[in-house]
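Structure first, then comments.
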Amino acid sequence: MYKRVLLKLSGEAFSGEGGKGFSEEMLTYLVKEIKKIHNLNIKLGIVIGAGNIFRGKELKDFRIQMADQLGMLGTVMNSLYLKNVFEKNGIKSIVVSPIVNLPSVIPLKYDFIEQYFEAGYIVLFGGGTSNPLFTTDTAAALRAIEMSADILVKATKVDGIYDKDPKLFEDAKKYDNITYEQAIKEQIKVMDTEAFSICEKNNLSISIINFFKEGNLLKAVEGENIGTKVSH
Ligand SMILES: Nc1ncnc2c1ncn2[C@@H]1O[C@H](COP(=O)(O)OP(=O)(O)O)[C@@H](O)[C@H]1O
Ligand SMILES: O=c1ccn([C@@H]2O[C@H](COP(=O)(O)OP(=O)(O)O)[C@@H](O)[C@H]2O)c(=O)[nH]1
């Protein structure tokens, strides 16, 4: 079982696939899935996207730098939202972010992260990488390395990495294992090339799983390869 896990959650984990906003049903499901791994006494960091609010690319009339800043703020909003949901369910968490100064957001300081873990908090990393032109996949890779995670779990809406987009091609074939090199060469869209590259350089394995299948998150943390594992 992995002991230090960075979980990348799409904003769609809050809204349901393809949706916007916050769904009560989805949040109940999210809490149930998180409780299964939180009880295992692992050090858990979470990077949340903002696809349920803004994705920079979706704001067509905006300059991308502007749109991406809205996206990054969205990730902080989601982090605070999740902190509140966790609180109501007896789960201790803390929001850290380099981009905003708010009373319930703690500035990102590497030296303190371990103390939050030791005190039993889930650390919610908001604000992405703090730079436009990136996505939260890259932020997840960065934070995973910074917290010395054993694994980066990308919980998304497909069962893993396929030889082509499974949402578009019925005959797409899933890889159980793939190297970073192959993922980059084949320009696999499920995660940014930057994220693959950061993980490759730092020898951090990635587990791509379908978040919307009950029990998948627990299995991934227990080390079962239920989706696709990206490694050397
Ligand atoms: N080769 C591929 N294997 C798996 N998924 C792919 C592939 N190419 C494109 N995709 C698409 O990538 C999507 C997941 O990426 P993305 O939408 O960025 O996830 P998230 O919002 O969870 O960060 C899937 O819905 C899938 O349709
Ligand atoms: O380092 C970052 C991370 C995120 N974003 C912006 O925030 C949005 C939300 O993140 P993402 O698309 O990764 O969300 P997800 O698809 O995972 O819900 C992105 O589209 C970007 O516009 C950004 O500019 N820099």
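Cβ from N, Cα, C; glycine included.
Any TrEMBL annotation is an automated prediction that lacks curation.
Residues or ranges marked as ATP binding site in TrEMBL: Lys8, Leu9, Ser10, Gly11, Gly51, Arg55, Thr156, Tyr162, Asp165. For Thr156 (ATP binding site), the count of additional Cβ atoms within 10 Å of its Cβ stands at 23 [all protein chains shown].
The UMP binding site feature in TrEMBL is assigned to Asp68, Thr129, Ser130, Asn131, Pro132, Leu133, Phe134, Thr135, Thr136. Taking the Cβ of Ser130 (UMP binding site) as reference, residues of its chain lying under 8 Å away and at least six apart in sequence are, in sequence order, Met72, Pro98, Ile99.
Under the heading domain 'Aspartate/glutamate/uridylate kinase', TrEMBL lists 3-210.
Per TrEMBL, region 'Involved in allosteric activation by GTP' is recorded for 16-21. The DSSP breakdown of the region 'Involved in allosteric activation by GTP' (16-21), given as helix, strand and coil counts, is 0 helix, 0 strand, 6 coil.
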At the level of the C-alpha atoms, what whole-angstrom distance separates Thr156 (ATP binding site) and Thr136 (UMP binding site)?
12
Binding-site residues (Asp68, Asp165), the one with most neighbouring Cβ atoms at 10 Å:
Asp68
Please identify, among the binding-site residues Asp68, Phe134, Thr136, the one with the smallest Cα-Cα distance to Lys8 (ATP binding site).
Thr136
Do any residues of this chain, six or more beyond the ends of the region 'Involved in allosteric activation by GTP' (16-21), have a C-beta under 8 angstroms from a C-beta of it, and if so which?
52-53, 157, 212
Nonlocal neighbours by CB distance (under 8 Å) for Phe134 (UMP binding site), same chain, sequence gap 6 or more:
Asp68, Gly128, Asp192, Glu194
Using an 8 Å cut-off from the Cβ centroid of Asp68, Thr129, Ser130, Asn131, Pro132, Leu133, Phe134, Thr135, Thr136, can you name the remaining same-chain residues around the UMP site, in sequence order?
Gly71, Met72, Gly128, Thr138, Ala139
